[in-house]
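Undergrad: Swiss-Prot lists 1-24 with the feature signal peptide, giving sequence analysis as the kind of evidence. If you look up Swiss-Prot, you'll see Asn80, Asn300, Asn326, Asn353, Asn389, Asn407, Asn430, Asn441 marked as N-linked glycosylation site. According to Swiss-Prot, the feature domain 'Protein kinase' maps to 536-838, an assignment based on sequence analysis. The ATP binding site annotation in Swiss-Prot covers Lys542, Gly543, Lys544, Gly545, Glu546, His547, Ser548, Val549, Arg550, Lys568 and rests on sequence analysis.
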Amino acid sequence: MKPFYSMSLVLFLVITLLPKPMFPQVATGTTGNVIRVGFIHCRDFQSAPITVGYRTSAAAASIAVDRLKRENLMSGWEFNFTIEFDDCVESEAAGMTVDLIEKHNVDVIIGPTMNQPTLAAFIVSNYFNRPIIAWGLVNAAQLDDFERFPNAGILSAGQRSLGVAIRAVLKRYEWSQFVYAYFTEEDTEKCVTMRNDLQQVVSYFGDIILAYSIQVADISNDGMIEALKKIQSRGRIIVTCMKDGIGLRRKWLLAAEEAGMIGDEYVYVFSDIKSKGYVVPLLGGGERPSWILSTGSDENDTRALKAFKQSIFICDMMGQGSIATNYTIFGQEIIARMKEAPYFCTKDCEGENFTVAATYAGQLHDAVYAYGVALDKMLKAGQIAQYRNATAFMRYFPQSFIGMSGNVTINEKGTRNPTLFLLALDENNNNTRMATIYVENMSATFNALYSDEGVMWASRKNNARPVDVPLCGFTGNLCPKSFVDEYLIWVIVAIVVLFLAITAAACGIYFSIQARRQEIERLNRLWQIPFIHLHQINSKQKGKGEHSVRSLQSGTSTLSSRTTVSFKTESRNFLFFSLQRESDYEPVVAKKHAYRPRLDDDKCTFMRSLRNLDQDNLNRFIGLCLDGPQMLSVWRFCSRGSIADVILKATIQMDNFFIYSLIKDMVHGLVFLHGSMVGYHGMLTSKCCLIDDRWQVKISNYGLQDLRSPEMYEKKDLLWSAPELLRAEDIKGSKEGDVYSLGIICAELITRKGVFNMEDRKEDPEEIIYLLKKGGLKSPRPDLEYDHTIEINPALLHLVRDCFTERPSERPSIETVRSQLRGMNSSRNDNLMDHVFNMLESYASSLEEEVSERTKELVEEKKKSDVLLYRMLPKTVADKLKLGQTVEPETFEQVTIFFSDVVQFTTLASKCTPLQVVNLLNDLYTIFDGIIEKHDVYKVETIGDGYLCVSGLPHRNGNEHVRQIALMSLAFLSSLQFFRVPHLPSERINLRIGMNCGSVVAGVVGLTMPRFCLFGDAVNTASRMESNGKPGKIHVSAEANRMLHLVGGFDTESRGEVIIKGKGVMETFWLTGQGTGAVSGARHVSAKKVSKKMDEIHRQETLKSDEQLSD
């Protein structure tokens, strides 16, 4: 073949000798509306019948005209065809072009179909400014030069589009560099042009590298192997260009296989415009695989197939890659219509080679159809007069439609935006389209047709995509050293460090587990209370945070109703202890549990969490005592008792705010409880709502549902339970049940009566529970009848009734109860403690006024106050205190201590008003004080109805102290014979007296209201003598008996051995009276006589005392 540029120069010289025609506005030489179309076909070229041959493609133009008519395009116009044959020779094509324009006066030229003839035709038509549209095998890059050929159209894919498509594939699979190998055998221009196009694309984008370009001039096996060896050291992605259909690809890949360059590392990229990929079209419509020679199969076919599987192919599928499904019918119509006008090809079109339409026949159809569409646009635009003017025509030529060669898009330059295809052999060796590549100018759109990229690399290990640069480089000398070789020392160090780290981690984990286990054991010990740490209250703890019983009795306020553990005795369900905490003692209450559950890990975790629950309105759970005779749950002791106690005693004047505050505290406790891991209380009663020193309600006995046993609850304890729980016999409870119980407790507070007012009901608890289980409209509920002197918010009454509604679903949640309570007292922010203080201040003020009136004379007269002070303290002590001097404690080696107590005073006081009690005691003590003044005895204090005296201090009197106390004791008993209670004349006062001798320490205690106090075991012994004595008798210790006999004049008799609390077994005596050796002048008094006279009274009081003790 001759070069294009030499041929173009010859054509230019020929054309310049021709006269340049003058183009009129209307086509000349035509009759009517006729479009003259000139065709330049290839008839006898060797491969023409398969691709663009006249006998297998020409009728496509007629089919296109028929389509224009069906679509009402160019209506009223006819098409006249003039056909010339250039036989794919450029000089013939140039001459035919001139002949068609000058001789036949055609309006447009369709063709030629080869590169060199098309170049000649473009040059001529450009000179005459006549439209020309090429198709078929036209793909030379020179023909895409818009500046050179602005008036020509091309319906086939251009060679330049291959470079853009190759870049798109490289970018898709992340290959940044490649090698280009090209063959010039029989077709020098195509591959050289493709090289130039690739270099232009690489330079334009700059994101890929053309690492090496090699021309394979020697196509022998050795020559190919030599070229491949050069490629091996420069790349693994090998783009190859060669002439199609002569077996070069097979030969090239077999040489690569022989050179060891067929494997997972290598990818051979074949690219061609005039190709169908891995198959070669044959005459008659057949195809043969590229790995099989045209001469037939041989022994290398299997090797060739394996090599072809390491390649991919970029081509246009000869214009049939995306054709319509009716292309077969289209091809059959072409063959049939070739025998009709205007072709009348009968004899020449016979034979097996002309039974199948040419592969590019669809492009001829699309070229004629595109020309008709453009003319129709000119017609409608009123530019039909310029239809032969190529410059005017090309403005209307860009368009898009679905043609017989697929989707056709003609750009502004008059060339078609091609659709290329990426092909690969699948597992079944089929020529498979893997992707479409739509090229538009210098850009390409890659659309994969697979869902899994692995199908692209099915012949490779793990279906893995190859890389453009091997791990070891192209020459193999860049392989990274093995980790062990390069870092052997570091590996050893790392192993040692790793071993040490693992060992340390294992040790850490072990010690962490051990520490965690020990921490859990420590936390478990916090709630597991040893029984040995629970102490009964005795005198040893009184000095460590506990007052004596007598001190509490004398110091207890009726308003405060405060008690300590010392007053509490064991009940059916509770025990009271002092919990030893190191050197301190804490008062606690222990609830008995008959059921001992198995404490697994979950229950132990729950107990730890339960102990950590801390809220102002929850009583603190201290723990469980598991090693005692009975399982006990230990709780903090609240000194003011429970709400039930407050209601029962009725000593507190509760107003609206007082009731509201107690209810609010209960609600806050339940809100916290319902939101905690405990969930609900289950057995909420007024007995387990305790009140602490600050008048704050604390809910107790929660969270131990698993320890509850039905037999531990009396019928009366179930009166707070909701009806649904009673019916189900569920002692664990529910949140709704807690709300019901809350309503019952609120009713108790409002009415100031016990649960269901059982004191005034005829029914017993069992009957009430039966009615509650039965339910219905007459199911019993507490009557909310309250003292109307107290202002109760009506909304509170409604809320309480809602709480003990029969249906659980209709009861308000505890959150709802809290929000409604807030609305009832939104204006007040006082707390209950402040309220109680205000009440106490008011009470104190009234008392102060009363005392002020009664003690006016004492205030007015200083002497009387001194007298009173001397009566309260010894004169020597009082004088020192008045002078501001410190009174040092003093030890008295031998004194006699006297204790007395009015028998059955509590019963007697219950029959009197407070004022009568005061008058009674005043009258009695006045008599006693008069007796004391006659003896050398110092009155230490009165403790309620008790009397404490001592002789032998503050003035020592040798052994006379025991005589003075004995005479005073006999005088006390004697004086009771004539004492009468004014308002109870039938009642008699009787005393229980105890005395003991020993050493004591005396001193003044306190700065505010100082008191002269006695300390020593002798005092406790005297107290035990009194408490273990009998009414109307003088109980004497062995030491006092010894001293009595020492001074003489008194009669005693042995009582025998008696068990004394805190002392053990002691022998004690009765002082029966005075003997013959008494001091002269002393009145003879017999304790026996006094006792005999009061024997009946004593017997009655003893019976009453026994009844109260049993209670």
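Glycine too: its Cβ is placed from the backbone N, Cα and C atoms.
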Undergrad: Counting distance between Cα atoms, which of the glycosylation sites Asn353, Asn389, Asn407, Asn430, Asn441 is nearest Asn80 (N-linked glycosylation site)?
TA: Asn389
Undergrad: Measure from the Cα of Asn430 (N-linked glycosylation site) to the Cα of every one of the glycosylation sites Asn300, Asn389, Asn407, Asn441, then give the nearest.
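TA: When the Cα distances are compared, Asn300 comes out closest.
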Undergrad: Could you check which of the glycosylation sites (Asn300, Asn353, Asn389, Asn441) sits closest to Asn407 (N-linked glycosylation site), going Cα to Cα?
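TA: Closest recorded candidate to Asn407 (N-linked glycosylation site) by Cα: Asn441.
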Undergrad: Out of the glycosylation sites Asn300, Asn353, Asn441, give me the one sitting nearest to Asn389 (N-linked glycosylation site) by CA distance.
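TA: Minimum Cα distance from Asn389 (N-linked glycosylation site) across Asn300, Asn353, Asn441 lands on Asn441.
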Undergrad: C-alpha of Asn441 (N-linked glycosylation site) to C-alpha of Asn353 (N-linked glycosylation site): distance in Å?
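TA: One finds 37 Å between the Cα atoms of these residues.
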Undergrad: How big is the gap, in Å, between the Cα of Asn353 (N-linked glycosylation site) and that of Asn300 (N-linked glycosylation site), rounded to a whole number?
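TA: Cα of Asn353 (N-linked glycosylation site) to Cα of Asn300 (N-linked glycosylation site) measures 29 Å after rounding.
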Undergrad: Helix, strand or coil by DSSP: which one applies to Asn80 (N-linked glycosylation site)?
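TA: Where Asn80 (N-linked glycosylation site) sits, the three-state DSSP reduction gives strand.
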Undergrad: Given the glycosylation sites Asn353, Asn389, Asn430, which one has the fewest other C-beta atoms within 10 angstroms of its C-beta?
TA: Asn430
Undergrad: CB neighbours of Asn80 (N-linked glycosylation site) within 10 A?
TA: 14
Undergrad: Per residue, counting other C-beta atoms within 10 angstroms of the C-beta, which of the glycosylation sites Asn300, Asn441 reaches the highest number?
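TA: Its Cβ has the most other Cβ atoms within 10 Å: Asn300.
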Undergrad: Is it possible to get the count of other C-beta atoms within 10 angstroms of the C-beta of Asn407 (N-linked glycosylation site)?
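TA: So the Cβ neighbour count for Asn407 (N-linked glycosylation site) comes to 15.
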Undergrad: According to DSSP, does Asn430 (N-linked glycosylation site) sit in a helix, a strand, or coil?
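TA: Coil, per DSSP.
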